[in-house]
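Straight from TrEMBL, the features:
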REGION    1-24  region 'Disordered'
DOMAIN    33-496  domain 'Major facilitator superfamily (MFS) profile'
TRANSMEM  36-58  transmembrane segment
TRANSMEM  70-90  transmembrane segment
TRANSMEM  102-119  transmembrane segment
TRANSMEM  131-151  transmembrane segment
TRANSMEM  172-189  transmembrane segment
TRANSMEM  209-227  transmembrane segment
TRANSMEM  263-282  transmembrane segment
TRANSMEM  302-323  transmembrane segment
TRANSMEM  335-354  transmembrane segment
TRANSMEM  472-492  transmembrane segment
Amino acid sequence: MSLIDPDDTTPLLRDDASSDDSQDEDYKSRWRSIRVMYFTMFLSSVGFTIVITSLWPYLQKVDSSADASFLGWMVAAYSLGQMVASPLFGLWSNHRPCRESLVCSIFINLAANIYYAYAYLPKTNNKYHMLMSRAFVGFGAGNVAVVRSYVAGATSLKERTGAMANMSACQALGFILGPALQACLSFIGENGVTVKFLDLQLNMYTTPALLAAAFGLVNILLVLLVLKEHCVNEDGKHIRSINYTSEERVDVLDECVETIDQVAVVTSNVLFFIVMFVFAVFETIATPLSMNMFAWTRKEAVLYNGIIMVGIGFQSILVFLAVKAAALKFGDRPVLLAGFFIIFCGFIVLLPWGNHFPKIQWADLKNNSLASQVSEGTLFSNGTVEPTGCPYEQTWCQYTPAIYLAQYISSDVLIGVGYPACNVMSYTLYSKILGPKPQGVYMGWLTASGSGARTLGPVFVSHVYTLLGPRWAFSLICGMVVVGVILLISAYHRLIAFSVRHGRIVE
């Protein structure tokens, strides 16, 4: 099914519009505000990805007692905070001007990034300070629900897929810029410089978080100075705001008495959960997996995975462009189904095979090569040698074949195609299912389901991967994707737009 004008050939980052109101001031203000939301989503992505590749090395540096399982909780803390905050910010935006919830959430995010940069300072329990800072960063990121709700309410039905693709493209740009900045800042090194009057170390781990805080300040200014409240109906005609107009409360679309298909709503949330779960697993395990399989050092893992993430980000922009064209021709649901299939292929490719096994940490101790490493000066700042390879505590390292670099990159490419297609189609379909009613709370639940997935995914993979290895971890993920495909096919006929369901538009 396609609910988009087949003559719409608007480029990805251009505004969809009808010629009748292209010069109208309300129209211009509406799209200025939507662009602010695009930028908010962009900065939210930058704030998350700018530290994700250095999270594990930073954790090891500030607290040597932290293991890979705790890394899972570290990544999950962000999503847990977002899961709690999303419905709250969504409810807030339904009843108050959305700029209030946006400014509050962005300020929390800004403060939490500064907290993260100072996580090394306490004498003990540094890993728990990092954990709390990531939880608060995630809480601030709960404004994603507000962003999606606003864009859904401020666009017509035919503009919706394009606007959602634009927003996802901005999110992908954030995913590009974040790791790229982290990769560039890795040349500062682990020691960096110290700003004594602030008692602050500026190094490859803390500088990205401080840069994210600066981006947050820019975002607050844009929200306060540019953003206005706008709402249009499914035909694109201006109606009274979903929540407030000129700070005066209004009634919410009393004429909309048709009910929402709750089965479709629940199904969409479950599908979005699966999409976010499998990607959370992938992004969490990327750094430890590459260090285990390819014997990369911490600095190498941050740099190389940052470069790979940049490549995936650029690829995602092309995917969003292709998704917009594919949705025009085939409809939203077939594109979503194709995305699930590609993700499945990505994890199948990543399964270990062959007779080559990963290098075991400290294996070179038996060959007296560790002493030569010391003589060559490959030392940490505290005088110890950094071990590389698969930790001997992970017993599966001794009998599980290594994953080849070609496998790893091929999987990156496939998942980098499937995930953005599923992501944008999931919440595009969801917004169409909800129709013209206020979507703040519903979008809050969708974001919460995604955040729940990003909470459980890292914990799941860090424990299963640590105890059983990549073969079990990735096989279980393949099984979950299959469950998602079965659910999508079984509910296929119900995942239709609100207006189609109630006969206002013919499918």
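Positions of Cβ are set from backbone N, Cα and C atoms, glycine also.
Contact between the transmembrane segment (335-354) and the transmembrane segment (263-282) is supported: at least 3 Cβ pairs lie under 8 Å, counting only residues 6 or more apart in sequence. Within the same chain, residues 75, 79, 336, 339-340, 343, 347, 415, 419, 422-423, 426-427, 429-430, 433-434, 442, 445-446, 449-454, 456-458, 460-461, 473, 477, 480-481, 483-484, 487-488, 491, 494-496 sit at least 6 positions outside the transmembrane segment (263-282) and bring their C-beta atoms closer than 8 Å to a C-beta of that stretch.
Here the transmembrane segment (131-151) has long-range neighbours at 33-34, 37, 40-41, 44, 47-48, 73-75, 77-90, 92-94, 98, 101-102, 105-113, 115-116, 119, 163-164, 167, 242, 427, 431, 438-440, 442-444, 446-448, 451, meaning same-chain residues at least 6 beyond its ends whose C-beta is under 8 angstroms from one of its own.
As a whole-number mean, the pLDDT of the domain 'Major facilitator superfamily (MFS) profile' (33-496) in this prediction is 82. With a cut-off of 8 Å on Cβ pairs spaced 6 or more residues apart, the transmembrane segment (209-227) and the transmembrane segment (102-119) reach 3 or more such pairs and are scored as touching. Against the transmembrane segment (172-189), stretch 302-323 shows more Cβ pairs under 8 Å than any other of 70-90, 302-323, 472-492.
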